[in-house]
Amino acid sequence: MAEVPPGPSSLLPPPAPPAPAAVEPRCPFPAGAALACCSEDEEDDEEHEGGGSRSPAGGESATVAAKGHPCLRCPQPPQEQQQLNGLISPELRHLRAAASLKSKVLSVAEVAATTATPDGGPRATATKGAGVHSGERPPHSLSSNARTAVPSPVEAAAASDPAAARNGLAEGTEQEEEEEDEQVRLLSSSLTADCSLRSPSGREVEPGEDRTIRYVRYESELQMPDIMRLITKDLSEPYSIYTYRYFIHNWPQLCFLAMVGEECVGAIVCKLDMHKKMFRRGYIAMLAVDSKYRRNGIGTNLVKKAIYAMVEGDCDEVVLETEITNKSALKLYENLGFVRDKRLFRYYLNGVDALRLKLWLR
């Protein structure tokens, strides 16, 4: 078998073994010094990037000088300090590009979410690291010493608010949720007030029952029992049915009832005639409101309706008598403009004094 002649590579002398790292002195300059420590691979990359145009006169001597200088030969630093003086090693270039691309994608997503908000306000999107806990470092990430790019606004928000980064929500979403909760509470309170099962006086109300207070004029004799029931229960002295018929049959337009559903809860009975043949005087004979519906303005509204009806009848003044001890009735009439005209001693059958109140219309 013929012997293969040795190739040209076999004629070259074997490469000298590299000197042990322990013998070489460590670089005395810090990471931010003016002289940069580069590996042989980086020098080869720079030669290729420069197009191979290396000076034949000074290139080799510079390499020899660099190799022979004790401070320019430094051991390879650890992985977390690959970037020195703004230079990035080839092993970290793809990581730098990935981080830059990720920040651009997050910025575009934030702008799209803000423009998609219907009310024009800023709307937060999922922040960086939504699926990674705040204490963990995502894969292929640079250390704090090797990171030179300016963080995006979304990353800054996530870094400043760990709870937002942990939940994937920013402060804007929390504010919107609080506003929605406030609107729900206001709506529920309004619905509760409208759909309450209690009347304004505190009485239980059946579901579906109409609790609106209606004011109607006297219409027929069928309403007489309700009027008598209210007035007999509240007034200080009883009246016969003839007294009711005298007022109601002669001045039915001056008799008003307050109705809640089909129940009569208030009534007022008045008259209007000539006084001393000089002027027309109106007289409020009876006013009563069911005790369960008091303090709802029913008595005031009944008196107002009666006075308006008297004004239509060309009334000059309105008078009435009430017990001097009935503070609520005195307050009601005085709030409507009545004044105390005269005190009538032992006016009622129970011996209580009365006050005559008067309202001048002209």
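Each residue, glycine too, has its Cβ placed from N, Cα and C.
Per Swiss-Prot, the residue from the list Ser196, Ser236, Ser240 bearing the note phosphoserine is Ser196. Of the listed segments 1-26, 313-338, Swiss-Prot assigns region 'Disordered' to 1-26. Note on the domain 'N-acetyltransferase' (214-362): mean pLDDT across this stretch is 93. Within 10 Å of the C-beta of Lys233 (N6-acetyllysine) we count 10 further C-beta atoms, all protein chains included.
Secondary structure counts, DSSP: the compositional bias 'Acidic residues' (173-182) has 10 helix, 0 strand, 0 coil.
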